[in-house]
Every structure is written in structure tokens, then in C-alpha cells.
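Student: Before I ask anything, here is the structure I am working with.
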Amino acid sequence: MDHAEIRAEDNASTVTHFILLGFSDLPNLQGFLFGMFSLAYIIILIGNSSIIVITILDPALQKPMYFFLANFSSLEICYVSVTLPRILYNIGTQNRNIPKLACATQTCFFLILGATECFLLAVMSYDRYVAICNPLHYPLVMNPVKCNQLAAGSWLGGMPFQVAQTCQIFSLSFCNSNRINHFFCDLPPILKLACGDTSVNELSVYLVTILIATVPFMLILASYSKIIATILKLPTATGRAKAFSTCSSHLLVVFLFFGSATVTYLRPKSTHSPGTDKLFSLFYTIVTPMFNPLIYSLRNKDVIAALRKLLLRK
């Protein structure tokens, strides 16, 4: 396999493909990594597909909260499928080449789905806010039309920004190297390969991240501050426990995703290192989607009951 590096003195137009180094620095662990990533992918597919199936089949789950949860599980399957199959292909074949167009496509879909996750988590917190703080108006506010509009907005809202950002990044000239020290085509390692001053592009990444990640996160915090204040006013301990139970799983997912993603994209460039970037990226691209079904099912009696019913039926 040709691992010839394209150096700075070469013509930038010769960069027609990149090399995803991934975990090539661990040659003795390639078989183990392939097995672990394969297992993680299977767990993610089964766990999230199960949630989608039970929310469709069980009448008790025909509620806005579970409608958004089904959307979230669909999103996690798509999100992971952008990166994990390519990781498995690279490890399995030891062919780490990826065409420039394929790399740009992977980046674009990864960013769009990442934006969708930010928006969808904000929508889910809004749903809990209305359910707990305005329970009498909940059926009216979260009607089927409104739910479909919020879901569609979450899926499509980040698309213009992320398509534009991908086009901007991949229109740069790449002359430093064609070796991406990452396991997928992510923005920080790609920007390192670009020729000349990339400060404008880095500023663009920061601004888009603030718009798409920080703003939804602040809305989530605002929603939950009102939710917690309302819960604490409930007269019975049972009512407070039930309300906290339905919200705690969502809050845990929010902090897992936003925490790791924010550290990756909002850290100063000087603090980036390939090892740290890979670790944080693994967390929000694979680990979080793998545990999300477990987090939601273990903390939700309705989901557990629906899963039992489905298994008994089979």
C-alpha cells in the first residue's frame, strides 16, 4: 500500500486522496480493535433499533417524549454509520486511503448529524419543560404537527451551515501532507494539513460551533433550571422522584455529548494533540451512542415495560 506523503514542496493540486492514520500506531492491536469496534457497532444498532421498534409498536409509548426518543435513536444509528464502517474497513483491509471527495462527504454528513443531535437534544429538553412546567397545556403545545415540525427542524436546521463549512474547508489547498492523524475526516486534523494561514477558517469553525452547539446547550440549561425549580415545588416526594427520573437520563446524555464535543472543537489549537483528539472523538462518536439506549431504558419504567412486552411476545 502506498503511504507516500505529499510534502509542502509538491503541487497542492496533486492531493486527490488522504490517508487516515487512525490506529496504525498500534500494529499489535489491530485484530482486537476490529473486534471491539465491530461489537460496539452491533450493540449500537441493536440497542437503538430496539427503542425505535418499541416506540412504534407499543401504544403506551405513543407520546411526544418517545417520538423524539425514536428520532434520537435513528440519529445515533446514522451518526455512527458515518464513521464506524470506514474504521472497520481501514482496520480490516489495512488500506487507509480515502479519496478527497469521500473524505469531504464523510465530514459533511458527520457535521450535519452532529448539528442535528445538538438541536434534537434541545427540543427534547423543551418537551420536558412543557410537560413538567405547563402540564395542562402540554397536549395542546406538543401536538403531532408541532412535534413533526420540531423534528424536521432539528434534522434540517444545521444543513446549510455545515454544507457551507465543508465546502469552505475542502476548497483550501493541502500541501503540508495528505496524512490525517485521526480515524475519520474531522475538521481540526484536516485544517492542520492546509497551506498558508487558516485563521479565518478556524474562526469560522468556532463561530459555527458556538451557534450550533453552545446556543442549544444554553437553551437546555435554561429549560432545566426552570424544570428543577418546578420539581422542587412538588408537594410529594414520589412526584419529585418521578419527575427527576424522567429528566436525569436526558441530562446525562446532554452532558456526555456536549462535554466531549465542546472540548474537541472549542479548545485552543495549541492544546490539540492527535492522541487527545482521538480519545474525545471516540467518546462522542461511539461510546455515547452505545450507552444512550441503556441510559434511557434503565431510567424509564415505560421503556423497560415495553421491552419486556416485546420480548415476551417473541
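Using N, Cα and C of the backbone, Cβ positions are placed for all residues, glycine too.
Copied straight from TrEMBL:
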- 47-296: domain 'G-protein coupled receptors family 1 profile' (DOMAIN)
- 32-54: transmembrane segment (TRANSMEM)
- 66-89: transmembrane segment (TRANSMEM)
- 101-126: transmembrane segment (TRANSMEM)
- 203-222: transmembrane segment (TRANSMEM)
- 243-267: transmembrane segment (TRANSMEM)
- 279-298: transmembrane segment (TRANSMEM)
Student: Quick test of the contact rule: Cβ under 8 Å, at least six residues beyond the ends. What residues does that give for the transmembrane segment (101-126)?
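Tutor: Sequence-remote neighbours of the transmembrane segment (101-126) are 17-18, 65, 68-69, 71-72, 75, 78-79, 82-83, 86, 150-151, 153-155, 157-159, 161-163, 165-166, 169-170, 180, 184-187, 190, 212-213, 216-217, 219-220, 223-224, 250, 253-254, 257-258, 261.
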Student: Go through the chain and flag residues at least 6 beyond the ends of the transmembrane segment (203-222) whose CB is under 8 A from any CB in it; none is fine as an answer.
Tutor: 114-115, 118-119, 121-122, 125-126, 158, 161-162, 165, 168, 187-188, 191, 254, 258, 261-262, 265-266
